[in-house]
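What TrEMBL says about this protein:
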type: SIGNAL; residues: 1-22; note: signal peptide
type: BINDING; residues: Ser130, Glu201, His229; note: Mg(2+) binding site
type: BINDING; residues: Arg364, Asp378; note: ATP binding site
Amino acid sequence: MSRARCHLRAALFLAAVSPRGATTGVAARRGLSAWPAPREPGMEYQDAVRTLNTLQTNANYLEQVKRQRGDPQTQLEAMELYLARSGLQVEDLDQLNIIHITGTKGKGSTCAFTERILRNYGLKTGFFSSPHLVQVRERIRINGQPISPELFTKHFWHLYNRLEETKGDSSCVSMPGYFRFLTLMAFHVFLQEKVDLAVMEVGIGGAYDCTNIIRKPVVCGVSSLGIDHTGLLGETMEKIAWQKGGIFKCGVPAFTVLQPDGPLAVLRDRAQQISCPLYLCPPLEALEEGGPPLTLGLEGEHQQSNAALALQLARCWLQRKDHQGIGELKVSRPSLLGQLPLAPVFQPTSHMQHGLRDTEWLGRTQLLRRGPLTWYLDGAHTTGSMQACVRWFRQALHRRERPGSGSEVRVLLFNSTGDRDSAALLKLLQPCQFDYAVFCPNLTEMSSVDNADQQNFTVTLDQVLLRCLTHQQHWSHLREEQASPDLWSTPSPEPGGPTSLLVVPHPPHSTSSLVFSCISHALQWISQGRDPVFQLPSPPRGLLAHPVASSGAIILQEAAAIHVLVTGSLHLVGGVLKLLEPSLSQ
């Protein structure tokens, strides 16, 4: 048995493993088997989700899109076929008043701000987003709340059975992929529930995305752009901007936040080619002039651009629907940036102000304070969003109340998936001066049989554990690169704040990192039974088998305050939330 495979087995049975000797080139042989797919109506929610999980995986779907990237029309035609088989035509979607939002980072937060603002006007809202954190029904919301398990189950089996009945000859692919299926289901739910409007988040890209089957959105938005999904969208910001601009429609107004010159010019040209009026959002400060300061329900400076975009989208929707109370216009001025006209500068109404303040979007710049533990949750997974996450985390630490006595410990819980550059993300996290770095797969428990919402059939268990070992190796290498004789005696200060003391000085050649086999084991080690909500009967056998785990456990038990940043993957954040907030699973 190879040394790397020995490490994997150690991760399974001892929970914590050493980074030394790990080899990531070993082929993974163990797969996670799919649950049999029942097809009878009236099944329970978990049965519906298990059947959903047997559909074509997102990873396979992305590979298919890459092969067909030269002809996005093929993607839309396939979606139209699935829509027709489900009992709807594209024309039926014209009945929905849709706000269509794309971007690389912040598009989900923008959707959440927009939906909350419009709900404050007494409108019945639909909201489609991805991915989910705890339960898949979070992806389809009515009035801000995930649809009920009963409603999800009802619509799932109706759609699933309809597609089965209409699959025709064997040459026709019987079922759409996971994301396509949920997109179809969202359309059916919104139409049946007769929502006044639907906020829809683009999955990946724009031109190739299955949500782009929408022909007549009321308004479109583009949040901040960055490098992500390069295999699908392209390797440059300009190529990615071209993809994102694929949601623009003739005569339909669109808004974008400030982008770098190159991508902004691409968005402008994309819009001009199809006669789409594109506007540049003024900064949030411009809307605050002469009025009360705007309070955002989501923390972090980067949320200001998302809120500014949401205000424009909401106001445009209200204006096009002849709604009263859309905000008093201020003096506007033309924009010279990218030769785009500046969007209206207006005074946000009380409905808008309260909507921004009351917005909730779990797993994004979210804090949970539990006794001596403070959990900082942010699903940042691109370089741009990770930079914003680091700024938020360090600023939050600077504002914290320091214990009168005793030590403070900083812990990083990290994972990254897909083709993302984890080494680059981990390098951005170095200034946070973590005492321990913990890595684990996006598996809540070792067995996911009883938790269909968290099942993932796109990877094997060996693959995800090997990737965690790679993360650990990257972290160790970064620590060694930054080591210096006086590194641990004089820690660097926080921005604008006093010097922070590292609890455990480690010599430059050692590492303070661990790999656990699942999120539950990682949280048990980090919390040491001190989180009043996350309490398990007893730790798994061998949890403290590794020397770093055993010595670190004593430090964590005695620390006056423990600050834990969970980041790198929204799926990781979702698994953590499932354990820390059990009510989200009910």
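Cβ coordinates come from backbone N, Cα and C, glycine included.
Overlay of TrEMBL feature records on the structure.
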residue: Ser130; record: Mg(2+) binding site; Cβ neighbours (10 Å): 19
residue: Glu201; record: Mg(2+) binding site; Cβ neighbours (10 Å): 22
residue: Arg364; record: ATP binding site; Cβ neighbours (10 Å): 26
residue: Asp378; record: ATP binding site; Cβ neighbours (10 Å): 25
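Between the CA atoms of Asp378 (ATP binding site) and Ser130 (Mg(2+) binding site) there is a gap of 15 Å. Cα to Cα, Arg364 (ATP binding site) and Ser130 (Mg(2+) binding site) are separated by 13 Å.
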